[in-house]
Amino acid sequence: MSQPTITVVGAGLAGSEAAWQIAQAGVKVKLYEMRPKTQTPAHHTDKFAELVCSNSLRANTLTNAVGVLKEEMRRLNSVIIDSADRCAVPAGGALAVDRHEFAAHVTDAVRNHPLVEVVSEEITEIPDGIVVIATGPLTSPALSTKLKELTGEEYLYFYDAAAPIIEKDSIDMNKVFVASRYDKGEAAYLNCPMTEEEFNRFYDALISAETVPLKEFEKEIFFEGCMPIEVLAKRGHKTMTFGPMKPVGLVDPRTGKKSYAVVQLRQDNSAATLYNIVGFQTHLKWPDQKRVFSLIPGLENCEIVRYGVMHRNTFINSPKLLKPTYQYKDRETLFFAGQMTGVEGYVESAASGLLAGINAARLAKGEELIELPPETIMGSMARYITTADPKHFQPMNANFGLVPEWPERIRDKRLKNEKLAERALDTIQNFTQERHN
């Protein structure tokens, strides 16, 4: 019985990587890309893996999680990282590329693979057989409609509205208290109480902070239930104290009184190493987020592992819908990859395509599918997007807060990150050796 041909939809970073991994595993691929016949509002060429925003793939050092992620991908023969290394331009400790050379290199590598057939047409139905959907944040309206029918309307989102996520270790626990509003249920939130003076200082900084300019195709993403905190603030001096900063039902146990305003932090991962700022979705520029949110009591030295964003982004509720193998729970032959799974960033998207591609090929060959251990950055991201709270799920980028904590407490952050990086790469090395035995 001959092996099936696998269909990959979308030739962005994730789709190109998935197609490459499948072909490298000896399985035929049919790669569909609607460009140049049908363009998106953000793309300008017909090349694969076109970088539509920055030309930087971020940090390249092993003291940074995304640097470790790149190294994991190198060891798994990633075409995206190989192309980036070949097309790199000087960028200090980051990996930045000549975006035109990079896209051309990926395109040539994938197009010229003997097991890859490229089809330049738009897919408007979810194909039969083994399929990897990697159509990205600007998925076409026709395919979006089919995805909505497949997943259920409540599990497909068209914008990304996320509050900043903070490392728990960087929160000053002497200035916060643990409680739920009106003491309902278990004490689930960290609460940062503010005096009127502290609130006024925060308010003034917030309304004067710089925001990211919206792209034309993002102009209509805001609505009442998802208002940026800075827009809410500009509606009136006390508006936030009746919204996400309302103090009612929260008594500071140290004073026995209600505060003027309270900022709540909600646990964001099962290991309780990450917390998000409740209701603080924002469009502020990143340096301003760091400056303004550091005015919140307890967050003076906060480490933001994922900045708040609001932009156009088609993604699914992966905790409800996907397995850590990137398979759709209700159809084992259907895989998703890229930003639409809820990973955030160029490298993270490619990494998800790498794993989805490996697993799609293994399924075609009748082999057991793989789940990378959570000690790896790739494995921790797959675990996060498939086990996060589905009610509050928002996309996430690579960070050390996703991996299991180091057994002993290490105060030196750089040393701790080096230990976590070494563990991740040892784990990947063991995995690759076992895979080839």
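Each residue, glycine too, has its Cβ placed from N, Cα and C.
G12 (FAD binding site) is surrounded by 31 other CB atoms, counting those within 10 A of its CB over all protein chains shown. Feature annotation from Swiss-Prot assigns FAD binding site to G10, A11, G12, L13, A14, G15.
Secondary structure from DSSP puts G12 (FAD binding site) in coil. Cβ neighbour count for A11 (FAD binding site) (all protein chains, 10 Å cutoff from its Cβ): 30. Summary of the FAD site environment: with the site residues G10, A11, G12, L13, A14, G15 set aside, the chain residues having Cβ atoms within 8 Å of the Cβ mean position are V8, S16, E17, A18, F48, A49, A134, T135, G136, A337, G338, S349, G353. Spatially close to G10 (FAD binding site) yet at least six residues away along the chain are Y32, E33, I133, A134, T135, G136, G338, judged by Cβ distances under 8 angstroms. Looking only at other Cβ atoms within 10 Å, the busiest spot among the binding-site residues A14, G15 turns out to be A14.
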